């Protein structure tokens, strides 16, 4: 690598490498992708840590997220303010958790946040219904939707409060070895 | 405040307790110090992995990382700068190794595209192909460096060189006969150079080392895969909760593919609902007998087909044992007739699996996963019986009848591989392209063909088994396998995009992946290892060609070498180890006994842990109930406390009296 990049200082790149699952090259590439999303907002020089956030509407237009049924929830779960405006650190964080090197426990925590639509730290029946509506548009009748959600809660609820807490969710994830490979977005 | 909580579930508890902002901050500070001290005590690698896995925002993780680093620094003896520099440069070196490895990753973009359009289960086929490619590339490199290059540099006299005709590419005889492609082109002399290079030992040890490395790598992958996918108790696949929350493939980015997956999910949910709503009819005895007899019939038919194919190959083989090198090398017809056997084998491999899928359609399975596993077992039985018959024939009949029999076996394997490749191309053309055309234009009801992962992976395993068998007899055979895998990758990718659609039932892809690796190890690699071991240990090598000419068995090369190093005193320990440890039976009995005892202990530990998991699950249930109870009680007490506090300004006399009463009745030492 002959050219010395001036986007980040060496300390910043070290911090990124220590705190996320990406290497220096990948961080620089991610910065390029972040910059592409809003070229007039995002400066090329990040050495003094500018406070720049890209709004939700621009981020969900990325090809990796555009067609995903949960794109809004994914971006909201990683944003500081809960509204979906991501700084570069949040952006890197998002793809780091969704990469293949993140461990199962970490992915389970964020998957729980994504499916928790009303942000009350529980996946209740309404959250499940919203999930189901995003996954199948016209296939199921409203009664079938209610039935499926009830059955799902019945199966997974361990402590009997008719909603899924994080422990119930994690227990279910531990029985699904495919989760590691399906909860994965390549960038 | 959304992402400030260190642990998601404790966040709500702190807030509902009504603590002040100061108290919350104090609590968080305590937790952070605990976390930092835990992290400081881990090893370096574990520490960074733990920091990366913290469920906080990036800035918080950076703060914790800086604190951990400063604590570490304050504990060291060396000056802070020097230590910091050393650790930083060490970490940078490791990271640059990781990124250099990424340069070597080939096909990264292609794999991303395939995963994006077809999902992770189809992607697993291509990843398997890439993995096999690595095995063959490594084999080619070490064979080329250690065996072929010395041989080319000191080339033996080639007795008769025929001109190159086109047919050699298919049959491997003629021009290729005496080249380094096959065993016969190698010579067992000791090359005189400053360290003397013994070709016999080089040939033996290179192939042995490669097989051992392959075995170790396979065992390692198999155990990792098993640990990830099978060890934890797995829940039902048809469960609604699993399908809703764990099965959506986030990696698919193509709009049509996502629509397709959504449709599939809807259909599966509907099916599982209707199964549930329907009453479970008790299957009557006659129904069960009927189903069982159908299964039995299907198994008999499948095994009969496999045995019949095996017998056919056997008779065809012994009949055609006529092509010798002594024959007229210009007899093209006799040479082309050697291609008959491989063509018949490939035809069997193409047609019989189709018959198997027809047979399985007539059976009814309660469980779609059982259907996949049974079809895999039948196909594996067919392929392994074919290979078994061929190996038996090669090792029992051929050595007595043909002069340079190892080259003959090498050439047979070469022919099998080439014809298998040609049939794979034909299969892509007819099986996928034409079937797509027929399905979309002529017979609409057939539809677009699904990409059958199991069949394709089994074809890859079969070809790899052939390549492994052929390594001893033809050291440069992996070149062909590498080229073949490259071409198949691109052709399958193109055919996939143009012709196929992803499979409908993708449940349990991870477990099937483990089954494939286990199949690659158990019948395929172990069979090859035993065949090569038998050849080296028992069979007499041919007298006129090859590196082991004149010895009783190839293993005698090792005996001779060990005898030769007996005399010089500095290498006597090698001789001693060989004679008294490796050759004594007692040593192997002891090792087997120790391994059995260790296995028994580990099995007992596993049983104990399963019991522990069950108990812990029950404990989660109980703790949930406890938590609800305690929170309710706490909230009632808080409410009472607030109500009591609101009485204070009204009636001074009465409240003092009331207050003392209140203080004695409530339990403070909760």
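Cβ atoms here come from the backbone N, Cα and C positions, even for glycine.
Copied over from TrEMBL:
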| type | residues | note |
| --- | --- | --- |
| TRANSMEM | B:131-153 | transmembrane segment |
| TRANSMEM | B:201-220 | transmembrane segment |
| TRANSMEM | B:296-316 | transmembrane segment |
| TRANSMEM | B:336-359 | transmembrane segment |
| TRANSMEM | B:380-397 | transmembrane segment |
| DOMAIN | B:404-510 | domain 'TMC' |
| TRANSMEM | B:412-430 | transmembrane segment |
| TRANSMEM | B:466-491 | transmembrane segment |
| TRANSMEM | B:512-537 | transmembrane segment |
| TRANSMEM | B:586-605 | transmembrane segment |
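Counted over residue pairs 6 or more apart, the CB atoms of the transmembrane segment (B:336-359) and the transmembrane segment (B:412-430) come under 8 Å in at least three pairs, which marks the two as touching. Taking every listed stretch (B:131-153, B:296-316, B:380-397, B:512-537, B:586-605) in turn, the largest tally of C-beta pairs under 8 A with the transmembrane segment (B:466-491) is reached by B:131-153. Of the two recorded stretches, the transmembrane segment (B:380-397) does not lie close to the transmembrane segment (B:586-605), with fewer than three CB pairs under 8 Å once pairs fewer than 6 apart in sequence are set aside. For the domain 'TMC' (B:404-510), the model's pLDDT averages out at 85. Counting only same-chain residues 6+ beyond the ends of the transmembrane segment (B:412-430), those with a CB under 8 A from a CB of the stretch are 169-172, 181, 338-339, 341-343, 345-347, 349-350, 390, 394, 459, 462-463, 466-467, 469-470, 473-474, 477, 480-481, 484, 487-488, 491-492, 495. The residues of the domain 'TMC' (B:404-510), classed with DSSP into helix (H, G, I), strand (E, B) and coil, number 84 helix, 2 strand, 21 coil.
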